[in-house]
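Swiss-Prot has this to say about the protein:
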DOMAIN    7-192  domain 'Flavodoxin-like'
BINDING   13-18, 81-83, 116-121, His136  FMN binding site
BINDING   Tyr15  NAD(+) binding site
BINDING   Trp101  substrate binding site
Amino acid sequence: MSVKARILVLYYSMYGHIETMARAVAEGASKVDGAEVVVKRVPETMPPQLFEKAGGKTQTAPVATPQELADYDAIIFGTPTRFGNMSGQMRTFLDQTGGLWASGALYGKLASVFSSTGTGGGQEQTITSTWTTLAHHGMVIVPIGYAAQELFDVSQVRGGTPYGATTIAGGDGSRQPSQEELSIARYQGEYVAGLAVKLNG
């Protein structure tokens, strides 16, 4: 019996947009035979009172530890943008992976990124700036290209890039991920999981 490829969807979400996208990514990845999919979030760094006051959404996904990243064949990271970069919470989490870097524990593992922005600014920059950290770990970065047909739809406001799935939350966070954005997220999960299964052989 062949060993299943282990896929981790690892995200940070304050208001729930990236959480919703993460579920869609995991749904797509779960379609692939031979893939075992896990969804986890990085720890919140804001004090609970401030998180609640800011309108943060309580989430049920278990919290990941940096050390466990080595247990997966592919990791799909989800983060909202913060001035064209990953969120501080994701940055803090990845800054704790020095031991994994020193041992080469993530070398050759697949990595892909999806994101959320308020008005669309910084979508691609957030993904590509996150790639920098993953490249230092020797991870194999997987963009999604234009295979998802929704990327060609210009009839409505939507996220989605050849670098990875994205959603536009609106300046006040009131816009939820659209069906088109979720479809692109599912494609990203399915695509990365399919590659991981092939490489797992």
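Note: Cβ is positioned from N, Cα and C throughout, glycine not excepted.
Taking each of the binding-site residues Tyr15, Phe83, Trp101 in turn and counting other Cβ atoms within 10 Å of its Cβ gives the largest count for Tyr15. Model confidence over the domain 'Flavodoxin-like' (7-192) stands at 95, taken as the mean pLDDT rounded to a whole number.
In this structure the C-alpha atoms belonging to Tyr15 (FMN binding site) and the residue listed as 'substrate binding site' are separated by 31 Å.
When secondary structure is read from DSSP and collapsed to three states, His17 (FMN binding site) falls in the helix class. The separation of Trp101 (substrate binding site) from Gly121 (FMN binding site), Cα to Cα, is 31 Å.
Take the binding-site residues Ser13, Thr81, Thr117, Thr119: by the count of other Cβ atoms within 10 Å of each Cβ, the lowest one is Thr119.
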